[in-house]
Amino acid sequence: MVLLHVLFEHAVGYALLALKEVEEISLLLPQVEECVLNLGKFHNVVRLVAFCPFSSSQVALENANAVSEGVVHEDLRLLLETYLPSKKKKVLLGVGDPKIGAAIQEELGYNCQTGGVIAEILRGVRLHFHNLVKGLTDLSACKAQLGLGHSYSRAKVKFNVNRVDNMIIQSISLLDQLDKDINTFSMRVREWYGYHFPELVKIVNDNATYCRLAQFIGNRRELNEEKLEKLEEITMDGAKAKAILDASRSSMGMDISAIDLINIESFSSRVVSLSEYRQSLHTYLRSKMSQVAPSLSALIGEAVGARLIAHAGSLTNLAKYPASTVQILGAEKALFRALKTRGNTPKYGLIFHSTFIGRAAAKNKGRISRYLANKCSIASRIDCFSEVPTSVFGEKLREQVEERLSFYETGEIPRKNLDVMKEAVVQAEEAAAEITRKLEKQEKKRLKKEKKRLAALALASSENSSTPEECEEVNEKSKKKKKLKPQENGMEDPPVSLPKSKKKKAPKEELASDLEEMATSSAKRKKSSPKEEVASEPEEAASPTTPKKKRKFSEEPEVAANFTKSSTKKKKKSQKAQED
């Protein structure tokens with residue numbers, strides 16, 4: 001009998017479940033489908049065989065990416081090889097995603113099944129998963145799902161910063177909108193200022209230049225020879241400046257009030273600022289296209305290439321389109337109208353704005369548009385899937401389109417595609433090596449700057465951390481100096497050594513010891529008196545600045561102590577002699 005197992009992928013790990021022996025037909029009954037909602041009844045049908053938790057969120061993200069791409073991860077392979085029976089013919093594995101099922105069947109040899117009964121079982125497992133796995137709560141499972149969802153979405157959205165085509169889509173859309181707005185506002189300025197100076201409309205055709213002139217001239221009656229030089233700077237043409245000056249003198253326009261002029265000038269300044277922003281945005285779009293799709297922009301131009309990417313949705317979608325779709329991209333209405341009325345289908349869409357189709361003869365427009373769409377499809381695929389995109393292939397493809405145009409006009413045979421691509425491959429490798437070399441240099445410079453910055457921060461932090469310790473050391477030194485200063489000046493009394501308490505002796509022993517001490521002390525006094533006087537003389541010579549009173553004051557406690565000792569000893573001896 002074939003054993004049915006079910007693989008369930010969760011944010012916390014893989015779960016392998018086994019179905020108890022129940023007929024497949026009975027599982028599809030409505031009563032059984034309702035029993036899926038009941039945990040107790042669901043346990044009678046399904047049991048957990050093994051659970052392989054993910055060690056970290058990064059591992060969970062890797063497994064989720066592998067499942068979405070239809071690749072068998074090593075963790076999944078280990079789980080299936082460990083817990084599924086060795087006899088693969090007797091095992092039927094139910095999975096939710098057909099891609100991962102096909103990959104498991106191809107790599108591991110297990111028969112996989114999706115849909116029907118498996119979908120109902122997975123619905124029940126998804127509902128009761130936190131009860132099937134021990135130690136897993138509903139709250140922790142929800143948190144794991146939320147974290148994995150955020151990281152998975154972030155990985156899908158996060159691409160190379162230099163190759164994000166979303167910025168191109170937004171830029172070209174804004175550029176088209178700005179063109180419409182500038183055109184509308186310029187026409188409003190022409191109508192508004194035309195009541196005062198109608199001849200200026202015929203002389204100047206450019207919208208931005210007209211708005212600058214309206215802002216500069218103001219009241220035409222104030223225009224004179226002194227402003228002619230400024231007019232030449234704005235119009236970039238001396239003849240036009242002279243014509244404007246002559247027309248202002250003999251204009252048939254009506255007079256205008258000061259408040260109306262103020263409003264016209266403020267509105268024309270807004271239009272001028274919009275036109276300047278449009279130029280800066282166009283420059284930004286060109287630089288972005290050279291980074292994201294250099295071959296496509298070299299072949300067909302930045303504006304047309306950006307419109308193709310925006311219409312397709314992304315550069316990847318454009319690369320997936322065949323040449324026939326690229327040819328009519330942007331002409332969907334005409335295409336479906338032609339299919340509906342069974343008329344002629346359009347020959348070109350957005351690529352009509354390319355210069356090649358405009359240069360071709362009427363009978364060759366369809367042929368050159370088909371050839372150009374083919375080259376655009378190749379260029380978009382090169383830009384999308386090359387590691388280091390360069391404009392070499394786009395330049396070579398442009399040369400091929402030029403040769404095909406000349407072939408249609410003059411009959412000159414173009415070069416073979418194989419020869420052109422060989423040259424392009426060699427040049428592209430050299431260009432890619434040069435780009436990688438520049439990038440490595442930039443990275444080294446950035447790392448050096450980062451190291452210097454970190455070293456400066458570490459030095460500053462070490463200085464800040466050492467300052468309190470240094471302050472404490474200075475404070476301790478100052479305290480020590482304060483303590484030592486009175487001793488050096490002799491103002492502080494030296495510590496007096498108190499006589500140690502001696503044990504009481506017998507009276508005879510005390511008398512004998514007192515007599516011996518008296519004899520020895522008298523002998524010492526006689527010997528030490530001349531030496532002390534001699535020894536005191538060098539000290540006085542060495543320190544002549546110290547006053548004698550202070551020195552005597554510092555010596556008085558020792559003398560007083562010796563004198564009190566000798567007097568007490570004499571009194572004790574006299575008392576003992578009287579008692580005897």
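Heads up, the Cβ atoms here are built off N, Cα and C, so glycines get one too.
Small disclaimer: the values here were computed from a predicted structure and weren't measured.
Residues annotated as SUMO2 cross-link in Swiss-Prot: LYS87 (among others). DSSP classifies LYS87 (SUMO2 cross-link) as coil under the three-state reduction.
For LYS230 (among others), the entry in Swiss-Prot reads SUMO2 cross-link, with the evidence type similarity to another entry. Listed in sequence order, the residues of the same chain lying 6 or more apart from LYS230 (SUMO2 cross-link) and placing their CB within less than 8 Å of its CB are PHE216.
The SUMO2 cross-link annotation in Swiss-Prot covers LYS240 (among others) and is backed by similarity to another entry. Sequence-distant neighbours of LYS240 (SUMO2 cross-link) (same chain, 6+ residues apart, CB-CB distance under 8 A): ILE203, VAL204, LEU231.
Across the residues of the domain 'Nop' (292-410), the predicted structure has a mean pLDDT of 90. As annotated by Swiss-Prot, domain 'Nop' applies to 292-410.
The phosphoserine feature in Swiss-Prot is assigned to SER314 (among others); the stated evidence is similarity to another entry. A C-beta separation below 8 Å, combined with a sequence spacing of at least six in one chain, links SER314 (phosphoserine) to ASP165, ASN166, ILE169.
The annotation omega-N-methylarginine is assigned in Swiss-Prot to ARG359 on the grounds of similarity to another entry. Every protein chain considered, the tally of other Cβ atoms within 10 Å of the Cβ of ARG359 (omega-N-methylarginine) stands at 13. In the three-state DSSP scheme, ARG359 (omega-N-methylarginine) is classed as helix.
Residues or ranges marked as region 'Disordered' in Swiss-Prot: 458-580.
Taken from Swiss-Prot, the feature phosphoserine applies to SER465 (among others).
What Swiss-Prot records for THR467 (among others) is phosphothreonine.
According to Swiss-Prot, the phosphoserine annotation covers SER513 (among others), on the basis of a large-scale study or a structure entry.
What Swiss-Prot lists as phosphoserine is SER528 (among others), and the listing cites a large-scale study or a structure entry.
Residues or ranges marked as SUMO2 cross-link by Swiss-Prot on the basis of similarity to another entry: LYS531 (among others).
Taken from Swiss-Prot, the feature phosphoserine covers SER536 (among others), and the record attributes it to a large-scale study or a structure entry.
Swiss-Prot lists THR545 (among others) with the feature phosphothreonine.
For THR546 (among others), the entry in Swiss-Prot reads phosphothreonine, with the evidence type a large-scale study or a structure entry.
The N6-acetyllysine annotation in Swiss-Prot covers LYS552 (among others) and is backed by a large-scale study or a structure entry.
The CA atom of ARG359 (omega-N-methylarginine) is located 70 Å away from the CA atom of LYS87 (SUMO2 cross-link). Using DSSP to sort the residues of the domain 'Nop' (292-410) gives these counts of helix, strand and coil: 92 helix, 0 strand, 27 coil. Following the DSSP three-state reduction, the secondary structure of LYS240 (SUMO2 cross-link) is helix.
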